[in-house]
Structure formats: C-alpha cells, structure tokens
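Per TrEMBL, the features are:
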type	residues	note
ACT_SITE	Ser189	active site
ACT_SITE	Asp341	active site
ACT_SITE	His371	active site
DOMAIN	107-257	domain 'Alpha/beta hydrolase fold-3'
DOMAIN	311-373	domain 'Alpha/beta hydrolase fold-3'
SIGNAL	1-18	signal peptide
Amino acid sequence: MMLKALCLGLLCVIFVSHFYTPMPDNIEESWKIMALDAIAKTCTFTAMCFENMGIMRYEEFISMIFRLDYTQPLSDEYITVTDTTFVDIPVRLYLPKRKSETRRRAVIYFHGGGFCFGSSKQRAFDFLNRWTANTLDAVVVGVDYRLAPQHHFPAQFEDGLAAVKFFLLEKILTKYGVDPTRICISGDSSGGNLATAVTQQVQNDAEIKHKIKMQVLLYPGLQITDSYLPSHRENEHGIVLTRDVAIKLVSLYFTKDEALPRAMRRNQHMPLESRHLFKFVNWSILLPEKYRKDYVYTEPILGGLSYSLPGLTDSRALPLLANDSQLQNLPLTYILTCQHDVLRDDGLMYVTRLRNVGVQVVHNHIEDGIHGALSYMTSPFYLRLGLRIRDMYVSWLDKNL
C-alpha cells in the first residue's frame with residue numbers, strides 16, 4: 001500500500017513538473033486556463049513520446065485530436081452554411097437568409113493552427129464565422145488551405161491567394177450579392193500570417209481589380225527571422241503555446257528536416273545572405289519601450305543551418321519581411337495582441353512598421369490575453385477571454401466595414 005502511494009506521489013510530481021505553468025496574477029478564470037494548458041501540454045508530451053517511439057509523427061497525433069472537433073455544415077434559421085470549393089480550395093460559406101436591399105459586406109477568414117492543424121470546420125471557427133455572418137448580415141468565407149507537413153510553403157499561401165482572387169471576381173461577388181468596396185480579410189495566429197501575406201499580395205497586384213477594404217490580424221505570427229524576441233523569452237514555457245512548440249510547427253511549414261528547429265532554437269537558422277532583412281524585425285527599434293524592458297538585443301547568428309531554405313527570406317512566408325514600399329498600399333488594419341503570448345512581439349512590430357509608412361492601424365492589446373483564445377469559445381472549453389475577443393473583433397468590423 002505504501003509503495004502504491006509512493007508511486008502515485010511520484011507520478012503527481014512528474015505530472016506537475018512537466019505540465020504545470022504558473023498563472024500570471026491578472027489571468028481571468030485562471031483555474032480553467034490552467035486545466036486547458038495542462039491538457040495542451042499533455043497532448044504535446046504524448047505526441048512527442050509517440051514520435052520518439054516511432055509509433056506516429058507528432059503532427060499526426062495532434063491532427064487526430066483536432067479532427068474530433070470538426071463539424072458538419074449545419075444551416076440555421078438565419079444563416080445558410082455550405083461546404084464548397086473556390087478553384088479546388090475547400091471553403092465553408094456562410095450566407096445570411098434575410099433579404100437585403102443592398103449588397104452585403106464580406107469577410108474572408110483564415111483559421112489558425114500552426115500551418116499544420118485545424119480547419120474552418122472546427123467548432124470554434126464555425127461558431128465565430130457563423131456569429132460574424134449573423135451579427136454583420138455579411139457573407140463569410142472560411143478557407144481550408146492545405147496543411148503542413150504534407151504540403152510545405154508556399155502551398156498554404158497559394159491556396160489562400162487563389163481563394164481570395166476567385167472570390168474577388170465580378171461574377172462571384174455578384175453571385176453572392178457582395179459589395180466589392182466592403183471586403184475584409186481576417187485571420188488568427190498562423191491564419192493571421194496568411195491573411196497578412198495575402199493582403200500584401202492583393203493590394204500590390206495591379207491586375208486585381210477589386211481591393212481589400214481592411215485586414216484584421218488576431219495574435220498573428222509574422223516572422224521567425226529572430227527566434228529570440230522578448231516575448232519568446234517571457235513566454236518560453238508559456239500558456240498553451242510554448243516557444244519549442246511554436247518553433248516545431250513553423251519548421252514543419254518549411255521542411256521535415258530536424259536540423260531547422262535545432263538551429264531555430266539557437267537563433268542560428270538564417271542564411272548568410274539574409275543580414276539585410278534584420279532591420280525589418282529589429283525589436284530593439286520596433287518594439288515599444290515597455291515591451292523591450294531590460295532585454296539586450298543581439299543579432300541572430302547567420303549560417304547555422306547547413307543548407308538554405310528560400311522560404312526563410314520570403315515575405316510571402318514571413319510577411320514582416322515585406323519592405324516599406326509593399327506596406328504603403330495596405331488598407332485600414334486592426335491588430336490584436338495578447339500579453340501572455342510567445343507571438344506577441346510579431347504583432348507589436350507590425351503595428352510600428354505600418355504606422356511608420358502611413359497605414360492607418362487600430363491596435364488592441366489584451367493584458368490578460370493568451371495565445372489561441374478564440375479556440376476556446378464553445379462548450380466545454382469556453383473562456384470568457386475568447387468571447388471577449390470575439391466581441392471586440394465583430395464589433396470593430398461592424399463599425400468599420
């Protein structure tokens with residue numbers, strides 16, 4: 001009996017040491033977030049164990065869990081929901097049922113998931129897009145781009161751009177009754193990355209007739225050029241998303257080769273010819289002073305990877321690398337960042353860069369925010385934080401789109 005109690009105690013100590021993350025004092029519903037964080041870290045730990053034992057790859061296990069949360073396209077009394085394709089790109093389409101005397105607004109949404117997981121079919125994203133369509137009386141399109149590592153960059157960007165260009169065709173806008181002057185591209189996390197890159201491309205392509213009125217970027221990941229920003233250090237073992245998991249996922253966006261995440265952890269992954277890009281992500285200049293704190297800036301070490309990956313210097317993959325001339329044509333932009341988020345500084349630096357070239361930016365910073373909060377809006381894992389961010393997002397769209 002004593003031995004069993006001892007073993008149980010040891011298991012509890014191991015569990016706490018592996019999965020317990022101290023909660024900041026300002027976190028709302030801290031007990032619930034602690035539980036969600038423990039679940040996320042347990043899944044990650046299990047997936048890594050399976051990968052190390054050769055049972056299945058990390059991303060295969062996590063994808064299985066994500067797919068359990070997929071929904072069917074169920075219409076209701078207000079919204080018609082259908083799964084269809086835009087030039088072979090799967091999308092989930094939300095069309096309001098009530099009659100409209102004028103053309104409607106439209107929102108194109110890119111879901112998060114680290115480029116490797118997720119779908120517009122996920123319960124939380126289906127809920128968010130349905131809510132957006134109903135509240136705004138707007139047409140909403142959720143894009144299901146191809147996922148890594150089965151498909152590496154630029155597949156995700158190409159799918160997103162193809163779907164947007166198709167939707168912007170005159171005949172498609174007419175078909176769905178959309179006002180071409182009132183279209184927004186939105187996305188969260190890695191979906192915020194795709195929303196950013198696609199918007200940059202659309203706004204700078206002279207052949208695309210209809211442009212985007214605004215973009216909404218919710219805790220976006222916009223660069224990995226410098227993998228040791230202040231937010232990376234503060235949230236290295238952060239809530240839900242740790243620095244190691246973020247590096248693993250973004251590495252899979254480019255390659256399955258384990259040499260890349262190893263070099264990223266040391267901040268030595270950028271190629272020798274990339275030094276000119278560091279000015280676009282220099283946090284010692286671009287971050288507001290309150291986020292720089294007492295951290296000392298050191299430039300990433302070049303050439304730590306034995307081969308070159310073109311995607312690491314491509315602004316379509318890392319849109320914070322876009323030069324100023326590419327940014328000048330961008331539309332009204334709403335950026336939301338979260339304090340307790342490893343990706344926080346990407347959004348903060350983009351706010352600075354856009355304002356520096358004259359782009360109108362609205363920035364909301366959530367002091368008690370965590371990464372992925374929008375994934376927790378439905379039972380049994382709903383957070384008041386997720387619902388609050390939803391309401392901020394939809395309310396801003398309603399006033400400005």
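Every residue, even glycine, has its Cβ placed from backbone N, Cα and C.
Since this is a predicted model, take the numbers as computed values, not measurements.
Put simply, Asp341 (active site) is 5 Å from His371 (active site) when counted between their Cα atoms. There are 27 other CB atoms within 10 A of the CB of Asp341 (active site), with all protein chains counted. A C-beta separation below 8 Å, combined with a sequence spacing of at least six in one chain, links Ser189 (active site) to Gly112, Gly113, Gly114, Leu218, Tyr219, Pro220, Gly221, Leu343, His371, Gly372. In the shown protein chains, 25 other C-beta atoms lie within 10 A of the C-beta of His371 (active site).
Counted with DSSP, the domain 'Alpha/beta hydrolase fold-3' (311-373) comes out as 24 helix, 19 strand, 20 coil.
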